[in-house]
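Peer 1: To start, I am sharing the structure in question, which I have written as structure tokens.
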Amino acid sequence: MENSEGVKIESTVVTEEPLISALDIALFVVIITVAYFWYFKRDKQSSSSEKKPYTIQPSSLSSIEQTSNSSFIKKLKSTGRSLVVFYGSQTGTAEEFAGRIAKEGARYKMKGMVADPEECDMADLVEMKEIQKSLAIFCIATYGEGDPTDNAMDFYEWLQNGDADLEGLNYAVFGLGNKTYEHYNEIAIYIDQRLEELGATRVHEIGLGDDDANIEDDFVSWKEKLWESVCSHYGIEETGEESNIRQYKLVDCSEVLPERIFSGEISRLKSYENQRFPFDVKNPYLSKIAVNRELHKSGDRSCMHIEFDIDGSKMRYDTGDHVAVYPKNSSELVDKIGELLNADLDAVFSLLNTDEESSKKHPFPCPCTYRTALTYYLDITSNPRTHIMKELIEYASDPKDQEKLKLMASSTPEGKKEFHEWILRDNRNIVHILEDLPSVKPDLDHLCELLPRLQCRYYSISSSPKVYPKSIHITAVLVNYTTPTNRVNKGVATNLLAQLIPTNDELPQPTIPIYIRRSQFRLPPKSQTPIIMIGPGTGLAPFRGFIQERDYARKEGREIGELVLYFGCRKKDEDFIYENELQEYVANGTLTKLHLAFSRDQPEKKYVTHLLEQNADELWNIIGEKSGHLYVCGDARSMAKDVHSIIVKVVMEKGQMTNSQALNYVKKMEQQKRYSADVWS
């Protein structure tokens, strides 16, 4: 190799000392890269800080704000307050009640504030005794099968697992529940008892509101007695009549740049244009409607099968979960309010909390137009509560209208009767009230403050992710009905969904915001476990997913247990939904038995409950002898209660037990998640 000319030349090049070494070049590149990114980041932060003053934040808190506001005790002390009202709310009613109590505190020399337990360090309750004549009130809802609301979950678990000394804490509890559910006000009752166990002093007995009857009446009656107890406990007197003090002040935002105005987003500005995972209650996913087809074969009613496209969203669901759908109010009703109040619906405004210490700066995302607020953020179709009647009095120019509002706002027997008949029985919403009391002309910004937030609607998912990982199916009955005043009321969500019909591929597909809410309504872990499903009407929805999942397991070669379905509807030829699918599952062996009840296809009504009574041996064989699971989905008011009674009776007769033993057996089934219900009233 030494005689090779080529090798000699190569050797010469390698051994020659270069002007810039490879190491120098590498270091230079690193320095340039670091300098570039440092400058870019600084520039980006500077740009961000320049834009910050133009942004009016929505009502939700950032993580930084939550940290700074976590000590409600510091806030009470720094602002001279002695009353704090916590709320556990899933639909907004408990939060509304909490606000009304805090506002009334001023009448009793108790300056109050509303607090979300999710945003507070609830361990600070031990320090409430340091504030003279302090009081903590809890407005707590129970939802589902005795579950705490999402925002009260941490507080509930803290009470369960902790042993804080709450001596010196004065408290009262109002629960929001529904008597058609088995676990009526269970969370509020637990909190009331647990606070006492930890040494706190109950100032007033717990109030239990029943949403199946008249929860407004329950709340008002409890609230009046609450203040009597407060006066007695603290030795104070009422200072006088409550004044209608505004919680929010109007801010003119006509000069705000268009890109800084909310147009229907739930929390983050432009969140529908720039979608970010994860998707939840404050950050829903804008899903395309992939399928929207009619399930009823004939008749004057409509039931829709709708499929939401979640491909690419990273969203995951389990069989039995719920999907939340964010609706919007009809433009017809929104325009009517503008017409009745002679208001410019396209004016841009903001409502800013007059309490500078409040963590909730706005009642809904602001700034926005009145049209946006009435369309996306405010509930204009439900029956207004009595406090709204009270606030409207000052805007009535006709003495007769004034007197009517005063009567309905009062807690007298006559007032309650008038409110029940004119508002609840006749099913009047705010639009109807403004139409029927023409002299009532509230300021539109005040009306926006008074109306509750428009809530998302929950639907049982009627598909299995094993079979449909890229879509979510729901089964929804179109809600339309005529009121006693001959007005046609329409379901907000279902009537919107009915209009969202997919088009051909060349046009943009209709979309709607959604997110997934986890459920405890679950199939047994083992596919061999036998199950009975009872779901008349749209109660079939989650069971369609259950059957799909078991069919998927069967096709994979796994052993599956008995699958028995009880389904009922009015007429076989009209509203037997998913008939072909169910018959196919019977034919291939996935669905062991399909028990059908068509209530109006014969002279005498026939329901699924009649079939259950006839099949007592089959029921006991599965839930008693084979330790199978039983599921119920549908109407809580009558069907679910009747099913429960029948199951107890079957356990008594076939299991040879006393009534007490049978009740305990069924209770144990529920605790073991072998008896599950997904019901509504």
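Just so you know, glycine gets a Cβ as well, placed from its N, Cα and C.
What TrEMBL shows for this protein is this:
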- 89-94, 141-144, 176-185, Asp211: FMN binding site (BINDING)
- Arg301, Thr538, Ser599, Arg600, Lys605, Lys606, Tyr607, Val608, Thr609, Asp642: NADP(+) binding site (BINDING)
- Arg457, Tyr458, Tyr459, Ser460, Thr475, Ala476, Val477, Tyr481, Gly491, Val492, Ala493, Thr494, Trp680: FAD binding site (BINDING)
- 83-227: domain 'Flavodoxin-like' (DOMAIN)
- 282-524: domain 'FAD-binding FR-type' (DOMAIN)
- 20-39: transmembrane segment (TRANSMEM)
Peer 1: In whole Å, how far is Thr475 (FAD binding site) from Ser599 (NADP(+) binding site) when you measure between their Cα atoms?
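Peer 2: Just about 20 Å between their Cα atoms.
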Peer 1: What are the helix, strand and coil residue counts for the domain 'Flavodoxin-like' (83-227) according to DSSP?
Peer 2: 65 helix, 35 strand, 45 coil
Peer 1: With every protein chain in view, what's the tally of Cβ atoms within 10 Å of the Cβ of Tyr181 (FMN binding site), excluding that atom itself?
Peer 2: 24
Peer 1: Residues with Cβ closer than 8 Å to the Cβ of Arg301 (NADP(+) binding site), same chain and 6+ apart in sequence?
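Peer 2: The answer is Val477, Leu478, Glu574, Asp575.
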Peer 1: Determine the C-alpha span of the NADP(+) site listed in the record, that is the greatest distance between any two of Arg301, Thr538, Ser599, Arg600, Lys605, Lys606, Tyr607, Val608, Thr609, Asp642, in Å to the nearest whole number.
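Peer 2: Between the outermost Cα atoms of Arg301, Thr538, Ser599, Arg600, Lys605, Lys606, Tyr607, Val608, Thr609, Asp642, the distance is 26 Å.
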Peer 1: Cα-Cα separation of Thr475 (FAD binding site) and Thr609 (NADP(+) binding site), in Å?
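Peer 2: It is 22 Å, counting Cα to Cα.
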Peer 1: Averaged over the domain 'FAD-binding FR-type' (282-524), what pLDDT does the predicted model reach?
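Peer 2: Average per-residue pLDDT within the domain 'FAD-binding FR-type' (282-524): 96.
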Peer 1: Spatially, which candidate from the binding-site residues Ala141, Asn178, Tyr607 is nearest to Gly491 (FAD binding site), comparing Cα atoms?
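Peer 2: The answer is Asn178.
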Peer 1: Whole-number Å distance between the CA of Arg457 (FAD binding site) and the CA of Gly92 (FMN binding site)?
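Peer 2: Distance (Cα to Cα, whole Å): 13 Å.
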Peer 1: Between the two most separated Cα atoms in Arg457, Tyr458, Tyr459, Ser460, Thr475, Ala476, Val477, Tyr481, Gly491, Val492, Ala493, Thr494, Trp680, the residues recorded as binding FAD, what distance in Å do you get?
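Peer 2: Across Arg457, Tyr458, Tyr459, Ser460, Thr475, Ala476, Val477, Tyr481, Gly491, Val492, Ala493, Thr494, Trp680, the widest Cα separation comes out at 23 Å.
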Peer 1: Highest CB neighbour count within 10 A among the binding-site residues Ala141, Ala493?
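Peer 2: Top count of Cβ atoms within 10 Å goes to Ala141.
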Peer 1: Using only C-alpha positions, which one of Tyr459, Lys605, Trp680 is spatially nearest Asn178 (FMN binding site)? These are the binding-site residues in the record.
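Peer 2: Given the candidates Tyr459, Lys605, Trp680, the nearest one is Trp680.
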